[in-house]
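Student: The structure under discussion is supplied below as structure tokens; questions concerning it will follow.
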Ligand code: HEM
């Protein structure tokens, strides 16, 4: 018979008194020397780490990415080097504004964060289930997120705060329209698409750069809750997305997504009708058709949620050779923000946590710091260059510097009409006009339901300002929302449309 494991303290001392504290007499006070009691209570008090400042509520799983189509003319990334090549990966899905433990079915964009463990380093694609975003300059992110969280006085979510912000930032309209449609309440995580959203670069073996958008199309088909179903589900089963994901994977019904890309040659970016680096815009598929790349399948649940999902850390800065950034200002801001957030949430050595560690190679001269638990490179030299170790720089990875044409630094207006950056209405209007009658009706009802909760002294001002944006996107949409809100339509709204 195999020997049973003994119960021990954290330092490995076997002990017996696990449930009764050391007291003076049967009914007397406790003695300070019951170290096991201190250790149990103290460790428990430290079980929580700061939750993610956004996207705190999430679910994840491991899987495999398989290349199905040759895209080596666009990228030299090893992960895409041949058809059939497989790469291990991790996905974490999330809502954005809710705290950890909040309802999975809340109306919110969904995070779609991926980590590919490639042989040339980990590639993180940290996207959403929407191809666009609310804002187009990273300086605005903190203000925007404050409006999605709790009001400083009431400590409650506030529709007034949200619509105030959105109405004052019309560039949000495209994303707000998607959020108010039934895509704002997906049925779990398996039934939604994922998008890299930003424009990224691919660089091929000839050092040619292409601008690229990533689309992960769900093979399960799009399925959404209606607003009523989502609200009901929040009460009935706030963990619906977590349950749906782990149960399907556990029973072998593995969810999968097909990766497709849109590719824009670098030259065309200069004159394309939409600013290709504006995160509030899509590239119509008629202009840049989808090209299939491969399949991502999630086939393994995490054994321990905290270790592998809560401690996972994704960063848009983590690209690999053959995949790179673009001048999208939002992306540029995110390059700094995520590793900074991880150093705060998980510590300077967050990339050593097994789920985040590159399984192939990590060789550098970074040393020490809190929670360095990997041996810290032992006796090896901790400076570069040195005459002792065998770490060398591989010149094959030399990067071609990105082209930067403007040489004048300024705080350029993100919505500058002269640069054609002030059209916030054409694309959301086109999207509305493409929707089925039912989808249009649900969008209108969901929007009316949300906007009717605007309250306080600025109610009318905020409502009218936002209505003008809906009108400008599409007069019929504006009229229907105004009707639903019981607002008398001023003919000037049509004039502005
Ligand atoms: C300048 C704009 C943005 C900033 C500064 C920002 C910042 C952050 C921060 C600080 C976190 C928490 C990271 C952590 O503690 O682990 C986060 C999480 C996340 N963000 Fe953003 N974000 C921005 C825009 C976006 C956009 C445009 C997308 C999608 C296209 C996005 C997708 C995500 C996702 C999916 C997560 C959760 C990652 C995970 O599952 O761990 N964010 N963001």
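Each residue, glycine too, has its Cβ placed from N, Cα and C.
Just so you know, TrEMBL annotations are computer predictions that nobody has curated.
As annotated in TrEMBL:
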| type | residues | note |
| --- | --- | --- |
| REGION | 1-21 | region 'Disordered' |
| DOMAIN | 8-392 | domain 'Catalase core' |
| ACT_SITE | 55 | active site |
| ACT_SITE | 128 | active site |
| BINDING | 338 | heme binding site |
Student: Between the residue listed as 'heme binding site' and residue 55 (active site), find the distance joining the two CA atoms and give it rounded to the nearest Å.
Tutor: 12
Student: Between the Cα atoms of residue 55 (active site) and residue 128 (active site), find the distance and write it as a whole number of Å.
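Tutor: So the Cα of residue 128 (active site) lies 10 Å away from that of residue 55 (active site).
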Student: Looking only at the region 'Disordered' (1-21), what are its DSSP counts of helix, strand and coil residues?
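Tutor: Output for the region 'Disordered' (1-21) reads 0 helix, 2 strand, 19 coil.
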Student: Tell me the coarse DSSP state (helix, strand, coil) of residue 55 (active site).
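Tutor: In the DSSP reduction, residue 55 (active site) maps to coil.
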Student: Quick one: among the recorded positions 128, 338, which has the most Cβ atoms sitting within 10 Å of its own Cβ?
Tutor: 128
Student: Specify the secondary structure state of residue 338 (heme binding site) as given by DSSP, simplified to three classes.
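Tutor: In the DSSP reduction, residue 338 (heme binding site) maps to helix.
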